[in-house]
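S.K.: Pulled these features from TrEMBL for this protein:
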type     : residues  : note
TRANSMEM : B:25-48   : transmembrane segment
DOMAIN   : B:29-432  : domain 'Oligosaccharyl transferase STT3 N-terminal'
TRANSMEM : B:127-146 : transmembrane segment
TRANSMEM : B:152-170 : transmembrane segment
TRANSMEM : B:182-207 : transmembrane segment
TRANSMEM : B:213-237 : transmembrane segment
TRANSMEM : B:249-274 : transmembrane segment
TRANSMEM : B:280-298 : transmembrane segment
TRANSMEM : B:310-334 : transmembrane segment
TRANSMEM : B:375-395 : transmembrane segment
TRANSMEM : B:402-419 : transmembrane segment
TRANSMEM : B:425-444 : transmembrane segment
COMPBIAS : B:487-515 : compositional bias 'Basic and acidic residues'
TRANSMEM : B:522-546 : transmembrane segment
DOMAIN   : B:592-651 : domain 'STT3/PglB/AglB core'
COMPBIAS : B:764-775 : compositional bias 'Basic residues'
Amino acid sequence: MAKLAIFFALTLSFLPFLSHSFSPDTPTDRRILVLLDDFSLKSSHSIFFTSLKSRGFDLEFKLADDPKLALQRYGQYLYDGLVLFAPSVERFGGALDVAAVLDFVDSGHDLIVAADTTASDLIKSVATECGVDFDEEPSAMVIDHQNYAVSDVDGDHTLIAADELINSDVILGKTKIEAPVLFKGIAHSLNAANTLALKVLSASPSAYSAHPTAKLSSPPSLTGSAISLVSVVQARNNARIMISGSLDLFSNRYMKSSVQKAGSPSKYEKSGNEQFVTELSKWLFHERGHLKAGNLRHVKVGETNEPAMYRIKDDLEFYVDIYEWSGNSWEPYVADDVQVQFYMMSPYVLKTLSTDKKGLYHTSFKVPDVYGVFQFKVEYQKLGYTSLSLSKQIPVRPFRHNEYERFITTAFPYYGASFTTMAGFFIFSVVYLYNK
Amino acid sequence: MASPESAVNGPTMTAGAASKSLRNAFGGVIAFIILVLIGVLAFSIRLFSVIKYESVIHEFDPYFNYRVTQFLSKNGIYDFWNWFDDRTWYPLGRVIGGTVYPGLTLTAGTIWKVVNSLNIPLSVETVCVFTAPIFSAFASWAAYLLTKEVKGPGAGLTAAALLAMVPSYISRSVAGSYDNEAVAIFALVFTFYLYIKTLNTGSLFYATLNALAYFYMVCSWGGYTFIINLIPMHVLLCIVTGRYSSRLYIAYAPLVVLGTLLASLVPVVGFNAVLTSEHFASFLVFIIIHVVALAYYIKGILSPKMFKVAVTLVVSAGLAVCCAVIAILIAVVASSPTKGWSGRSLTLLDPTYASKYIPIIASVSEHQPPTWPSYFMDINVLAFLVPAGIIACFMPLTDSSSFVILYIVTSVYFSGVMVRLMLVLAPAACILSGIALSEAFNVLTRSIKFQLPGIAGNPSIAVRMWCIMSTSKENGSSTVVAPNDIPKTEEAAKEKPAKKNRKKEKENVEKKPTPSKTEKRLLVLPLEASVIAVLLLVLLGAFYVVHCVWAAAEAYSAPSIVLTSHSNDGGLHVFDDFREAYSWLSHNTDVDDKVASWWDYGYQTTAMANRTVLVDNNTWNNTHIATVGTAMSSPEKQAWEIFHSLDVKYVLVVFGGVVGYPSDDINKFLWMVRIGGGVFPHIKEPDYLRDGQYRIDAQATPTMLNCLMYKLSYFRFVETDGKGFDRVRRTEIGKKHFKLTHFEEVFTTHHWMVRIYKLKPQRNRIRGKTKKSKSSRSVSSKRDVRGKRNPWH
């Protein structure tokens, strides 16, 4: 019995190592499930998959209607990431459906959705649930008569050379993507109020979404910069989602082809697709832009132990550690815009933290002259980074009865008055009682 | 405490010296035994709650007091004094030490300490449960002392017996009802006793004791303002009716000086003792009594002619000064919006004030005016005996009896304003009824004794007795001026009324033989009538006792956290839902989780579940309560925003619709709307009423059917009986099938009386707007709504 118990204990303690899953300690994904419409995509998009494999991901390819499809077994997720390269699938096979995909995201896993003109309602509804609205017009495509890619055949201007990228080193890497990104697919839009979704690749002002061959009978519903070509969503639990209106964006053909934007003299040997897709996937699978904060602590100036309660007007020092995941190790995060709030219904103190470049952030301030239950709050939301939201409750009490000033200078006349009255009364009593 | 002195009765005075002292000793022992028995009675009649239920703390406020006492016994008095409680009024916290009347807590804490140092291992809870019964025994002894000072020991014993079991007092002092009033009534009566004692004796010793008793009262209850207004009123009355004496001065001046100094030592009172209007009357009278004393002194040393000149001089100069001072005072007082009075005091002066301006005071049931039946329920036959007692106090009118009259008159008024102040009326009613009963018994037994063959020794006794009543008119004028020429020795002062009247009456009998003869004939009651009257009075008393025991056993013994009901076949059904819910909270939630509920349940949640609450029964911050009221009357999403901004994790509602428990949150809901609307005007009461009627059936307004309180109360309710019939409101509910989007039910007690919901976390994703466009748009515009509606931003 005891042996059995030890065995179980050992197994349990090794479980985190056995399962190379996404965990707070190593946020990079490991096991990725790729769902395809058919296996030919495996070769036609091999550059993308190879780059993932070379970075250490375990890819598992399955058909989207595989009847044995399952994301989790015995309550444990089998994968850390899901790539949906199956735009036309009407129903997933096995136990997978929209709700299961969303649960997968809501439990902190990442998702890539790529659609094209054949996008099914299923794929569109997954995108909608993530906050991205594909053009509902069937077989509508993004058309841009200004910024199309010059190609051999004079087409319908649906192959777009897009270069309006999001300005974020975290999402797209430090190296600037020079060449335009080739895109052919459907448009989607984001709700302006949606603070979680970002346009990574947006269309130019001259783009619109319509059927390429049919005549336009009414103005297109999606036009100009409102059209997003590739978007990312970072959910509140820091799960990351990429939604692309084009599956071809990831294809070997687009990655290798040369590109020249209409009306632009510069011709690039190679399109920006490969760099774009690789860098974006690094961000997506948490190789970059993942922050970790912890060890929130505070002490009264001159003391070493964390107090359970402060007094008003105490001086205190506040520390927090913030690290960034570099893909294989935690590195100190260096920034000058991390702030701490001393918060009770509204921030009473708002201080920018200074860092020692080793991950430790620090500041000191005086507790305001207000008592109540305060919180140290670190709310850090920066474009591309995972959001940090830490708080620690700390009550602030008023002065104790013996912490007030004993003698107040301005009150000396009153002290004098009371003592002279007492003395006077004493003398009066003596005189009155014994002077007869 | 109550050491009965030799019982001096009218007739015994005339008996021989030897038999007199023997009878006095005998009377003293009897009185002592009776007092002990009264104490036992007062204690044991309050134990019904322990016997019928269990030894628990009752209701709401006692739980807070219990928690404070626990803290005191654990951490000592200094930590208690400086206690900043971070588990209530989140996130504001509450400085308990500075906002609580510490008398009760210190008393129970001291008892606990003493008992434990004697190696009697009682728990704090036990001590708390039994504090109120012990102090009601003390209170009846104090009533004995007070009444004895006014009308002699017979009346004192009767009053003590009545007070020991008056239902109004029982309702606040059953075992487990560990509230301020439990000790405050004792302190009130005892302070009055010491005042009267000082007034009768003119002793500085008693005056000092009086100030100390007043200090204890200030420590115990906010009702101390009653004392500090009633005594000045009485002093003023005495001065106006020409009864000024040095005893009056000694009784009053030290009380004001020492009492105010001591009162300002209590943290919760502090500078209020000199700053608020409640205390102005005492200072004004303090000035007046000094002016009067000065006037009497000057009158004594000046010749009458000189005095007249001086008076005209002083009056003309004084009037000018007074006008100036009064003008300044009025300007100062009028500059404050409430005219310097606290809301509760204004409610007393203007009974409609609270309902107009302070819904939070008006919402408390014990702040409502009482109904007529509640007078009969709470003081029973005393209501009929009080007038007789008032008449008895006028024969003869002394300083002390005028005080009692003033006491009953003011307390009757106050009890008419607030049902809670019935408690102040109860001792006054007992004292006056005791006087009435004892006078009546005196008269009746004496006329029986007089007419019984064999015992009728000295007819003059009875005759004289009756003359007291008959000649009271003539006496009235003489007694008014009498006090001035009374010797200052203590004993003489004590026996003053009896002796003096007797002298006067003898004179009357001798000087006016013819008229008093006719009166004598009229006043001696016939034997039969006396016997019947005695029997009727005994019957009245018996009826009172029966009523009191019934009230103690049935009406006032329920602890209100455990409810019982009798089923048709006589079986007993116990509803222990409150403790079930609180223990669920304490076992299943994190220690620092915040629980939102209407403020009624705040004290219980902190004491029983040990969880942080937003608001509690100490209603010191109206805005915070209004925020919770607003959340409860808002639609689900806005409510979620408000609660989320206050870090609330759980919401607790009390719902009586399944078992028919009428004091649930739906019935209190209009007060939440009113209090919330008072601060956040977008909550409007008419939105929740259909044609001025509060209803929850299909006719209810959409605002009502969509507010959080309705949803949390009736969520899944239709599953209980299939059609959603609410047994409190006796109607089918309006909206039966609905889902909660921002809250999830986590616990519902056995009888559905307490339902606990958890706030769902913020959505992980924000949906797009395709399809279901309306609902998704409102979801995604969450932030805008917060900016507009949330009162905290």
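From the backbone N, Cα and C atoms, a Cβ is placed for every residue, glycine too.
TrEMBL does not curate its annotations; it predicts them automatically.
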S.K.: Residues sitting near the transmembrane segment (B:182-207): Cβ under 8 Å, six or more positions beyond its termini, same chain?
M.R.: 103-104, 107, 131-132, 135-136, 138-139, 142-143, 145-146, 149-150, 163, 169, 172-173, 213-214, 216-217, 220-221, 223, 226-227, 231, 245-248, 250-251, 254-255, 399-400, 403, 407, 423-424, 426-427, 488, 490, 493-494, 496
S.K.: Cβ under 8 Å to the transmembrane segment (B:280-298), counting only same-chain residues 6 or more beyond its ends: which ones?
M.R.: 228-229, 231-233, 235-236, 239, 244, 248-249, 252-253, 256, 260, 274, 307, 310, 340
S.K.: On average, what pLDDT score does this prediction assign to the domain 'Oligosaccharyl transferase STT3 N-terminal' (B:29-432)?
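M.R.: Reported value for the domain 'Oligosaccharyl transferase STT3 N-terminal' (B:29-432) is a mean pLDDT of 89.
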S.K.: Counting only pairs 6 or more apart in sequence, are there at least 3 Cβ pairs under 8 Å between the transmembrane segment (B:402-419) and the transmembrane segment (B:375-395)?
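M.R.: Result for the transmembrane segment (B:402-419) with the transmembrane segment (B:375-395) is yes.
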S.K.: For the domain 'STT3/PglB/AglB core' (B:592-651), DSSP counts of helix, strand and coil?
M.R.: 33 helix, 10 strand, 17 coil
S.K.: Suppose I define contact as three or more CB-CB distances under 8 A, residues 6 or more apart in sequence; do the transmembrane segment (B:152-170) and the transmembrane segment (B:249-274) meet it?
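M.R.: Touching, no - the transmembrane segment (B:152-170) and the transmembrane segment (B:249-274) miss the threshold of 3 or more Cβ pairs under 8 Å.
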S.K.: Quick test of the contact rule: Cβ under 8 Å, at least six residues beyond the ends. What residues does that give for the transmembrane segment (B:249-274)?
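M.R.: Residues packing against the transmembrane segment (B:249-274) from afar: 81, 97-102, 195, 198-199, 202-204, 207-208, 210-212, 214-215, 218-219, 224, 228, 231-232, 235, 282-283, 285-286, 289-290, 293.
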